[in-house]
């Protein structure tokens, strides 16, 4: 609790926290659009085979003479007749057909230019369209591992600066990609950097906020993603050319890169890294910005050494990500969180990456899918703050699973019912994301923070700083003993805050004076 007490005495949620949280979260509104950008930049327009070069398309009925029809009477997308079938239409089974060796003709009424139309990612090449998005998601996974590791070693601020720069460069270059492989390479790099920004933005904000505000910050962070999806629908409608849309969402990252230089590094990370001088400098800067000049003046190296004995001792031996496998309590958390991340992400992106499959306007579906997040995340926030993280996580995943399973047995012709169930399921999955992102940051210790029914509750508990904190808190709980940090019961958040205000400023507790 020592670090949380320091934050409260230096202003709690003061001017610094408000400015930094705003500057950190604002870029997420645009960056989150990259996750589902290919719904529009890789949309598949109506298309059919292009007749051979010698065909005279100026004659009436010449184009139709080359196009076989499907069962609904529409031109086949991937076949053409080997010779024109004029006069009375021949049944498709009695005339020879061949693949579209001369290319395709695309309808430009809705999507005048996409990567599909530019590189002919249809028919036998249709899988390449999914490959581009899959490589982006591979980048997201790699970014979580690489930038998570770097953040725990180099700090959150440096990694955010690097991630914003990589996003700006790679996403902008993707807009000018001359070939499909080069486009995929830049999309992979974009996925890495967007993941780095998303993870470290939440980590940096949570580590600068008092305990009672973590749920609010996590939900605010999640709302930025929802607003980004709403914004994407409008921008995609206004800018239908894929290169222009890609560029429009990428260039602002250069401004985000410049803004990231003004972030203040996490003092909690400084302390767990053994950098007491930088911890003092960061806390004094926060005190000045928050107008707490007297409290800042009382801070000195001796006070910090007394208050942050645990963090400084831990800084002498840095933990690694391998602790998640070696430590029983961490291993348990890692396995549970990994399953939650997989289940939520798999179902979520399975829904939001196939908007054309609903058979209605892709822009309308994007707006509906984004708008349902707003009430869903509000309900999630209320449940998180009142009942805890675990009930919110369990309920959101359970409801999402029911919606998806029921949707699987609803007949295809009942499109309204299927769409309604998908929207409800997507809202539940968005709530699950809100909870699991906050959960992950609260359960992992500071040293490896950036890398349900069986998960412990974290409502009202301080962030763990060391691997031993996790082992003491959750390991003992699994063995049937009370945790080292029991949850406070019977007191409201306001009462807890009042109690903290009455504490002697910046003085170590009696236990800290006498030793463990």
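Including glycine, each Cβ sits where the backbone N, Cα and C put it.
Those TrEMBL annotations? Automatic predictions, nothing curated.
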Stated TrEMBL location of transmembrane segment, expressed as one of 115-133, 134-152, 153-171: 134-152
Residues flagged as transmembrane segment in TrEMBL, choosing from 180-199, 200-219, 220-239: 220-239
Long-range environment of the transmembrane segment (245-264) - Cβ separation under 8 angstroms, sequence gap at least 6: 16, 20, 23-24, 26-27, 30-31, 33-34, 37, 40-41, 157, 160-161, 164-165, 167-168, 171-172, 174-175, 204, 208, 232, 235-236, 239, 282, 285-286
